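Over in TrEMBL, the protein carries these features:
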- A:17-271: domain 'Glycoside hydrolase family 65 N-terminal' (DOMAIN)
- A:328-680: domain 'Glycoside hydrolase family 65 central catalytic' (DOMAIN)
- A:362, A:363, A:593, A:594: substrate binding site (BINDING)
- A:489: active site, proton donor (ACT_SITE)
- A:690-751: domain 'Glycoside hydrolase family 65 C-terminal' (DOMAIN)
- A:758-787: region 'Disordered' (REGION)
- A:762-776: compositional bias 'Pro residues' (COMPBIAS)
């Protein structure tokens, strides 16, 4: 239909796709998704079709579905939870004389979509010639408001290009859209047909509202729309509402040279508690606020919010324009996923698609929150308050499993365990330590004492208690944690996973420290000195296995005694291995899906010597196949630390481009938010060498040879710090706040307000280049200029 | 309704239950089940109701059902298989004037059922007073013929006790009987509603036939009945057949002092290949044979078959009448399960109930076949031919799992894996070595060279190849088998399970030996000398972990480093633990469901010193909770070997009484055939000290203090050997065959034809008494006299 290049164009502050590629719609709808963490709209066309996978999501709004088992077992969750495609408010159908706008018919001399990272909007411009030969231009712009959490809006313009034209617009609220099942991939969300039951429908003037509830989970929601028009000629309008459809129809004659301009305001609300009338009132009120602000006001608020964000979070990267774009794309989506979730989870896909059933995993705490901690710390407080709000469920789960403390779920929407496969679910208890680590990181980065007293301390205490009950002292008084699953999903149910044990160690110490800081709160939780000293003792005696022959840390006990996976005879098309090999065989061999020991060397880098890191990294590179999107970023961090700067650069690119290049071939189900966050981590912790062990931050910057410079900004203890890395020197700039001590490659430095401090970068240590499994080397990155 | 004692009466050669206990029907139907290994009839009343759980089974006849997964994975079986309750031919309804015989109504001055181990029949005698006051006596006797494999028969007599009586009999074939779901226990078979689809029905004279097929598995079956009458007075009869019901109705006036005698002949056939007309012909022919033999002829054949069996298999036990009865009950049911299966599996429940979906497991090879090897070796040849017939499926499964050789299923009916939980299914690869061990045992006990050449060698080779691909040589050249599950189901996915490794070691050696005996066959299987020497090398270097500090063998590597289960705080009502604790917690702690290392010390006793056995037995006794019926017998064997004779006696009783005392509270779903076989093993290998390592048999008899003597007979290499154990001496008697060398407590002896050789029994070694987990001690056995 078009000869334009159907791919994203490289540009520093926006993501643009020119031309139409229907096959690519599914994945571009994910990339072009808008969200504020509460409402998510996939980037579908207003006219509804052609479409990839329609999706409108409300964070936390889910339906239950039974979790079946061929052979049931004690403690298996009976119910799963699946994110629901709620009432679609994006739909604006256009009739050009007799022809509905449908880009599969007629022709389009011009078509482009642009996601603008600074305006926070998705713009579309289309010139279309209908099958009967009439030519129109459509321009739309939409946003999901960061400032008005319940509100989305679409500005829509139609202009005839070849003479006066009768235009009919149908602006819908549509519930229970049919969705086709596209694949049997278990990672794809279970599709639920018609999950919404109608409770209420009304329409009057330009306004309509639909209220529904979910059949099994019993959650209630309302969606409402209102409209403003700017048109010279008289309009005929009609509004109607039935169970699953509300529609405003507008017919108008638009003269050549003039435009029909419409603003559609959409509001959503949901609740497990409030009644349908209360929800109706809520969305009506949100619409009133939006109307009062107006389209231009919403645009201004949105840009202001984003200006603030970029001021404290932007990363600049000179020498690779595509990577620059990808980093900003990633930060923008991390912000969208986490900005206004407010005591709801940040799902693995954000609100960009139905993948993983809309569940949140440990990647939120381990990949997304580290980024937000140093850029939008308020969002971290909210996300951890969500975890705190699920503590009762986690305590109940721990008790069901015969354990003390709280056992957070492997995957969930509302806090209940939804994993149907316990060896890679419930047994991955490290999620508790990951939550505790996120709490500790947030506390040390913000000093938010109120958060610590209200939420943080209890999270630390209950996770610490779980470790005490999961572990035991062996005959040599070592503290062992047996039979658990670490981050690497190609191993399971192993003893003394190094990552788990080191994270549990930190968890126990942070809990004890926090109790000592706030003995009054500790007392209300029943913590006494004997308990904290048991925590410290267990932490002190934590078993960390080491293979003295190979001189590396086994990922878990016995790991290095296992057979190495036969990579040479593994056909390249059999990756990801889990789709072609049985778990039993993966589990008992040395093959690593995703960084595990290497992740331990990042987040608990204080527990390893530089020599150990170098040897371990070299060893695990040969075994790591990166069948998970959670791996490249961590490998980038350690590659950089070990002096493999080109390799680090390749891994950074892999993490950053996971979705723009659809590297895992499942971007259509939603973006890999943790991988996008990982790109920031790869940049700041990798090339910036930023570490935050023990409540301090330190730097050890190095520039990969492909780039001219990297600059990033971060917030820490009320300061804003800028770092610019050039090839031979790094410059620190305290942009805001009082002087602060940090270190540069191990050398103590003090940053003073407003001053720049430039430090030479020491020579990069050289180690032999590590090898990856054949065929699993990262793509070698060549810097890409703007399109 | 009756005041008689509703329990089994103790009697040496029969199992009798007097009176009626409707609650107990479910389990007594299992105990009173008749089977020849091909047809199985649960011991339900002829009149159909009251009933426990109706059941008529054809070995190998199953329906498929989907196996669901909350989260699917590569290599998970998609289909399960469930034994089908086929057309019920047992039903004979009786109308006493207007009242149907139903023992829930009226009263029964006399009622008893007797399973006779020598006649091989189930007899019933009932005197019943109908609600309207008419009194009749019913006597029935039924058999499932050992000699005519497709035939069952019921002899039924009605006698009026209070004057002339009009009697109506309805003799049915009834398909798709409704069955209630009684429990959510996952061990209970999935109930399939109306699994049979009607293909054909006909009736003429006293004969009728029904043919059906299963909806999803597409297996075809036919059931037919014919009748003979012995009655003085004229009968009115009618026969009819519809889709799921064929019925012969007989009305007759029976005079006081006379009897209506009817013999019902029933024939069954099924096939996955043959057509419905062919199956109809097959059952008609079987009926013709049965009619020609006649009821008395069938009785005579049955008794003759059993006389032969008891002559070579009986175990006599002086001093405990109930245990004597239980041992014969067990042997009778082991024979029923294995006698005429002929190239079909021997299911865990035999054909006595729907438990475990009718699947066969490793217990067949490891518990049932060892008994049959020394008593009915022909049945072992048949059972192993069934395994051989599934080799293609097992090779396909191995290939699917990325392995060489053959991977036999954990649970199956037709040879395909049906386990829906791989950590305790597919990962339990020891089943392959168990099959190989059964082959090797059969070969050394029979010298059946034809079997070896046609079936045995290939089974040994393909199982050996699986071990070579599952294991690998570590850096010290030890041969490791990582990530597998041993017999103990409270551990899973562990490295170097001692039982598995030692059994694999024997498997590799037996395969190499067999190939050297038959190089021509080996060549056709592609085995060369290099391959057999690799097998021998791997066997030689097999890793057998040993805990040098505790001086015991860990069940698997790391096992003894794990926390010991908190038995003291485990409430007694939480056993079996798997119903109240999560697998993850059981797996990572020292708690043993069933003998694992202890089983290794029995079947691979040659790999342990006496001191190791004593220490290991003591250690594992403290950890073993016997939540499986496969444990007590093995513990009895090792208890006896280690000199704990009273404990061995307690365990023998537990194994033998598993079903008569309903110790696992699930006898209603069928008998625990392996536990019943285990009672023989506990007697012969336990108190007889019989071992069969390295192709020889040896003895080390000792009598428990509670008994006066134990005598048993067994077949070996064409001999029949009798052993009588008294308290101070043992007497060996070569009943049949040429002289043979064996040993008595390590002293070489030679048995000459017809001679008795009496040897003194050495003093029992004394070790401190082992402890079991609190509350899990075996019941202390007090010998029980006849009732």
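Cβ atoms here come from the backbone N, Cα and C positions, even for glycine.
Annotations in TrEMBL come from automatic prediction, not curation.
Taking the Cα atom of each, residue A:362 (substrate binding site) and the residue listed as 'active site, proton donor' are about 13 angstrom apart. Distance from the CA of the residue listed as 'active site, proton donor' to the CA of residue A:594 (substrate binding site) is 7 Å. Mean pLDDT for the domain 'Glycoside hydrolase family 65 C-terminal' (A:690-751) in this predicted model: 96. Cα-Cα distance from residue A:489 (active site, proton donor) to residue A:593 (substrate binding site): 6 Å (rounded to the nearest whole number). Listed in sequence order, A:348, A:630, A:673, A:674 are the same-chain residues six or more apart from residue A:363 (substrate binding site) with CB atoms under 8 A from its CB. Annotation note: residue A:363 (substrate binding site) sits in a helical segment as assigned by DSSP. For residue A:593 (substrate binding site), the same-chain residues 6+ apart in sequence whose C-beta sits under 8 angstroms from its C-beta are A:488, A:489, A:490, A:576, A:577, A:578, A:586, A:624, A:625, A:626, A:627, A:628, A:631.
Surrounding the centroid of the Cβ atoms of A:362, A:363, A:593, A:594, where the record places substrate, the chain contributes additional residues within 8 Å, namely A:361, A:366, A:487, A:488, A:489, A:628, A:630, A:631, A:674. Take the CB of residue A:594 (substrate binding site) and look out to 10 A: across all protein chains shown you find 22 other CB atoms.
Look at the domain 'Glycoside hydrolase family 65 C-terminal' (A:690-751): DSSP puts its residues at 3 helix, 36 strand, 23 coil.
Site extent for substrate: the farthest pair of Cα atoms among A:362, A:363, A:593, A:594 sits 16 Å apart. DSSP gives residue A:593 (substrate binding site) a coil state; it is part of no helix or strand. Reduced to three states, the DSSP call for the residue listed as 'active site, proton donor' is coil. Counting every protein chain shown, 23 other Cβ atoms lie within 10 Å of the Cβ of residue A:362 (substrate binding site). The Cβ of the residue listed as 'active site, proton donor' has 21 neighbouring Cβ atoms from other residues within 10 Å, across all protein chains displayed.
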